[in-house]
Amino acid sequence: MVGAQQNLQLANWAQKGDVLHEFMHALGFLHEHQREDRDLYVTCWSKDTANYVKKGMAIGRYDADSVMHYPDIRGDLNCHNLWAPRQCKRLSNGDKVGLNKLYPPVRQPRVYNPEKGYTDLYYCGRHNMENNNAPFGKISVDGYCGPNNGPNCPSCREYGGIQTWCNDEGSYATQGETGLFYCGRRFTARENERRYHDGFCGPNNGPHCDSCRRLLE
Ligand SMILES: [Zn+2]
Ligand SMILES: [Zn+2]
Ligand SMILES: [Zn+2]
């Protein structure tokens, strides 16, 4: 976004995701993989400076699920240890968080009014989390953000800030991209979660240990 009026140019093959992507540019958003902190999350080899060079603006957590994130293509961009899908089709929860931060709703106090649940995380109660945005599907997720327990949605994670808590085994655990807490310790995963388990609890995704699971109950 460089001035007032914005012209959107769409190819005749453009799909809904392309329209959303270009519209987000017009509203001031750069590509997610161009954030200043992107080297922590992706490796970039592309020589295309217009679309890949680091240019700042990071709102919220790095979001590989964003409609502003290019797909993971060998030779241009590779994600490190991130499971959120590179989808290019719809606004992610993180995109909606970014839009609401840059363009806060003026008079709708009831639309988004998160409250603390049993876990001490903030929850909005909305039906906006079908899964953990990860290949293992659903861990402690029933489709709703809260209202009292389980992982909270990305908007509520942004609202309350990413938490680091001490679990009941005395290890510090931080909320990862899946919304689950992870302490980084070695543990044995439950039978149906072994495929997605690398031996450790997190640190950013995958199944979590029983002690970290109890933080969300
Ligand atoms: Zn773009
Ligand atoms: Zn929420
Ligand atoms: Zn753990």
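Cβ coordinates come from backbone N, Cα and C, glycine included.
Residues or ranges marked as active site in TrEMBL: Glu22. Under the three-state DSSP scheme, Glu22 (active site) falls in the helix class. Counting only same-chain residues six or more apart in sequence, the Cβ atoms lying under 8 angstroms from the Cβ of Glu22 (active site) belong to Leu8, Gln9, Leu10, Ala14.
In this structure, His31 (Zn(2+) binding site) belongs to neither helix nor strand by DSSP; it is coil. The feature Zn(2+) binding site is assigned by TrEMBL to His21, His25, His31.
As annotated by TrEMBL, domain 'Peptidase M12A' applies to 1-105.
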Shell of the Zn(2+) site beyond His21, His25, His31, same chain only (C-beta within 8 angstroms of their C-beta centre): Glu22, Met24, Phe29, Leu30, Val67, Met68
Cβ packing number for His31 (Zn(2+) binding site), 10 Å threshold: 21
Lowest local Cβ density among His21, His25, which the record lists as binding-site residues, within 10 Å: His25
